[in-house]
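Visitor: Before we start, here is the structure in question, set down as structure tokens.
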Amino acid sequence: MTSIKFLAALLALCAIARTAESLNIEPRSSWGAVAARSPARISGAVDYVIIHHSDNPNGCSNSDQCKRMIKAIQTDHKGRRNFSDIGYNFIVAGDGKVYEGRGFGMQGSHAPNYNRNSIGIVFIGNFESNKPSSQMLQNAKDLIAQAKQGGYLKDTYTLLGHRQTKATACPGTALFNEIKTWPNWRSI
């Protein structure tokens, strides 16, 4: 019986590894990113994943539309908000893709008091009433698994919604209720 449990656990780990390795992250160049001003590196694995939504009412469903929205977010962050770059480390889009924002190992500007010790993941769309598609949710889970496997995220990480770090409705009630069911979500 013990060897059957061991085999089942081993197969489950292999499935997780395959999923995370198969996630294709679109590089910054794919959406026309402008170079960051004075980017800051993070050394070692971080303790938090912070989930956001972009609050775009209709989200995006094709690559051209998603890339335009990501570019607009970067323009807003670098301009009006005076960030050095797009605030998020990664963007989960409705076209079924994950896009690199600042990427792994870089400090974001997405959650005050957490930026130096977190990975910020934004879902494009407004998820107050409806949660993201199953593909978007799976992509985010795969991204988190890839971050752990790559040594960018501690195994004991804490998953938070943006609303847990400051007074905001982000990441929307439907998405927040969804991530509360994921491993490593904590109430703080």
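Just so it is clear, glycine is given a Cβ too, placed from its N, Cα and C backbone atoms.
Please treat TrEMBL annotations as automatic predictions, because they have not gone through curation.
For Cys60-Cys66, the entry in TrEMBL reads disulfide bond. The domain 'Peptidoglycan recognition protein family' annotation in TrEMBL covers 23-166. Summarising the annotation, TrEMBL assigns domain 'N-acetylmuramoyl-L-alanine amidase' to 34-172. According to TrEMBL, the signal peptide annotation covers 1-22.
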Visitor: Over all shown protein chains, what is the count of other CB atoms within 10 A of the CB belonging to Cys60 (disulfide bond)?
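Guide: Cys60 (disulfide bond): 20 neighbouring Cβ atoms within 10 Å.
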Visitor: Long-range neighbours only, meaning 6 or more apart in sequence with Cβ under 8 Å: which ones does Cys66 (disulfide bond) have?
Guide: Trp31, Cys60, Ala93, Gly94, Asp95, Lys97, Tyr99, Ile124
Visitor: Across the domain 'N-acetylmuramoyl-L-alanine amidase' (34-172), what are the DSSP residue counts per state (helix, strand, coil)?
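Guide: Counting residues by DSSP class gives 38 helix, 31 strand, 70 coil.
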Visitor: On the 0 to 100 pLDDT scale, where does the domain 'Peptidoglycan recognition protein family' (23-166) sit on average?
Guide: 97
